[in-house]
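Novice: Quick one: the structure is below, questions incoming.
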Ligand SMILES: O=c1ccn([C@@H]2O[C@H](COP(=O)(O)OP(=O)(O)O[C@H]3O[C@H](CO)[C@@H](O)[C@H](O)[C@H]3O)[C@@H](O)[C@H]2O)c(=O)[nH]1
Ligand SMILES: [Mn+2]
């Protein structure tokens, strides 16, 4: 089918191309050999079950764990089976569509707390979104403020004024990135024209003024005196308004229809809207999902663009041409109409060289997510994702007809006040009562990873989705800079993901017959993070305990059965290291990633698992702990030096400390025993010694934080004592369970 906007002389060349990842045949052969090894390990366990004299329970638990590891490994294979990479052809799109014919786009930015998410940072995201190389009358930026904060509103007003200078500056000199904070942080090229340098200094000064105004209001905790008279919007707040208790507020701050709201060069501005949906103490607000659903409705009144770009408040746009690139997928004449959303990987601007918290998700971004895309689906990750509005309103692909209006809807005749009022009614607590919002329509409620669940539901309605990982990062956010924050985030994720598995949305059941088995398995790669903490814990607790007591749990080195164990271990780790290095990172970073995976598995995922279980039993409710995006200076310094910032939740650290010490005790105890007891040989215990040795090596920073460090990021002495007591007790009491 030909688009109206297509010029007659164009041949209908595709707007994007798809390439398969290389070496898949080789990978399949390799995976088959690993599968063989896994089966042999299972066989070994079953065949030898009857011959165990000592440590029966340990042996059985290790057997069950290995069964779990093996199954999980099988499930994670689908994402490496068929990898697809897509490349859009931006220039073809621009030749085919002129500004008039491009569809409108609504950009949603969500923020929730002015303390954890400083308004200045949020404004940088908003400004970068306003500054896309895209016709301004087709661009609408909505800020949802779940903090319901006057300060954020004030900041948005200031940002909208600054945008009148920032947008022309970006356009004139085509600068990037378009987050002013990031732009000014980069050293400038001194060989530029004097005109540029003059403009640069001028705009920098304006930015710094805006920043200091916002920050000083934030520090004081109140707005400057007369500012309330500057905009009627402030009257929406009254002294009783709090974060959890206030009416709904919608304020169109820049009305793109208004001929007078132009920038300093006389060009139109994108529409900018502030929204704080109503919050009342007794009404569940469903966290980010609730905010996005309110935005979907509010924006449908004001601009109703056929495409919606979702951004977290810290995710600034790093590439001004991203919208055109994404539209290549949607506007492709043959394949575009089936696409519900295009997801970018989550990338962060503050990753250190050796990435001590494993924040870069390189392998996911390069292989796994592209691997799910090999079966026609992408994981919706909440941010950096452009949706077709229709796909969010509960439509099934089969019922969908492309018919977006070429003219932006905002040419309608309602006044700003009428629009504000009409929109407010859509953002109240009660609006959703008795509707399908959160169930069939919009983002799904009740799961802390609303995004993943929603993406799954959309895929099951027949829509295709695309994962796109461009060379130049499209969006950059802020990754956790302390272990505590990283663990809380992973706990929320693992818990939410496992809840999806347990809910009616379990991919194997909900998706059965609707999405490819490869996609179902691909989802489970992530959904099963939480339960995978159990076999890991079993390994890193029972192995050292039995080693301490000189009880072998693995075949002797002289036995042939060692081969499948050694092969499965060495080959998977070797492969995984190669995969990691092809993503352009270092061996040190891979080692760090192994550590953080270990830490998450023994702490964050364990708690994620426990929480999911208590929720299944109805003992607790869904929560969403917001990731802290502010860091103090000494924390930042240690972060940049690659030192791990321990501290925070003591229970998680106690478990970590205990496991680390347990392996040390096991290793030392086991070796002493071999040296003392004649009937024990190295060969019998070598596998356990190897595992515990590796656990000890990976935990070197933990011992350092327990016993050597004295800065604020070390592990407190009370946790140290608790860990020593628990680990020693476990060693001695272990004699009874073994
Ligand atoms: O009640 C809430 C809670 C959060 N947010 C916003 O949601 C975004 C993500 O929150 P953050 O604390 O940064 O969590 P992350 O773990 O970094 O977020 C990832 O994981 C979430 C699901 O767990 C997704 O919603 C996000 O899009 C995804 O980036 C932020 O912009 C928040 O302001 C709200 O608007 N309302
Ligand atoms: Mn975040």
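Each Cβ is built from the backbone N, Cα and C atoms, and glycine gets one as well.
Here TrEMBL flags 146, 451 as active site. Residues or ranges marked as UDP-alpha-D-glucose binding site in TrEMBL: 117, 146. Marked as Mn(2+) binding site by TrEMBL: 288, 312. Among the features that TrEMBL reports, transmembrane segment is placed at 25-45, 57-75, 526-551, 651-675, 687-707, 719-737.
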Novice: With contact taken as 3 or more Cβ pairs under 8 angstroms (pairs 6 or more apart in sequence), are the transmembrane segment (719-737) and the transmembrane segment (651-675) in contact?
Specialist: yes
Novice: Taking Cα atoms as reference points, rank the recorded positions 146, 288, 312 by distance from residue 451 (active site) and give the first.
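Specialist: Sorting the recorded positions by distance from residue 451 (active site), the top entry is 288.
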Novice: Quickly jot the same-chain residues contacting the transmembrane segment (687-707) by Cβ under 8 Å, restricted to those at least six beyond its ends, or write none.
Specialist: 539-540, 543-544, 546-547, 552-555, 557, 562, 565, 591, 594-595, 598, 643-644, 646, 656-657, 659-661, 663-664, 666-667, 670-671, 713-715, 719-720, 723
Novice: Most CB pairs under 8 Å with the transmembrane segment (57-75): which of 25-45, 526-551, 651-675?
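Specialist: Stretch with maximum Cβ contacts: 526-551.
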Novice: Within 10 angstroms of the C-beta of residue 146 (active site), what count of other C-beta atoms is obtained when all protein chains are considered?
Specialist: 26
Novice: Check the recorded positions 117, 146, 288, 312, 451 for any whose Cβ is under 6 angstroms from an atom of ligand 2, and report them in sequence order.
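Specialist: If the test is a Cβ under 6 Å from any atom of ligand 2, the answer is 312.
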Novice: Show me the subset of 117, 288, 312 whose Cα is within 10 Å of residue 146 (active site); these are the binding-site residues I mean.
Specialist: 288
Novice: Determine the Cβ neighbour count for residue 117 (UDP-alpha-D-glucose binding site): the number of other Cβ atoms within 10 Å of its Cβ.
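Specialist: By my count, 26.
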Novice: At the Cα level, what's the spacing in Å between residue 288 (Mn(2+) binding site) and residue 117 (UDP-alpha-D-glucose binding site), rounded?
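Specialist: Checking the Cα atoms of residue 288 (Mn(2+) binding site) and residue 117 (UDP-alpha-D-glucose binding site) gives a distance of 14 Å.
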Novice: Does DSSP put residue 451 (active site) in a helix, in a strand, or in coil?
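Specialist: Helix, per DSSP.
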Novice: Who sits close to residue 312 (Mn(2+) binding site): which same-chain residues at least 6 apart have their Cβ under 8 Å from its Cβ?
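Specialist: Residues satisfying the criterion: 109, 110, 125, 382, 383, 477.
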Novice: How many neighbouring Cβ atoms, not counting its own, are there within 10 Å of the Cβ of residue 288 (Mn(2+) binding site)?
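Specialist: Summing over all protein chains shown, residue 288 (Mn(2+) binding site) has 23 other Cβ atoms within 10 Å.
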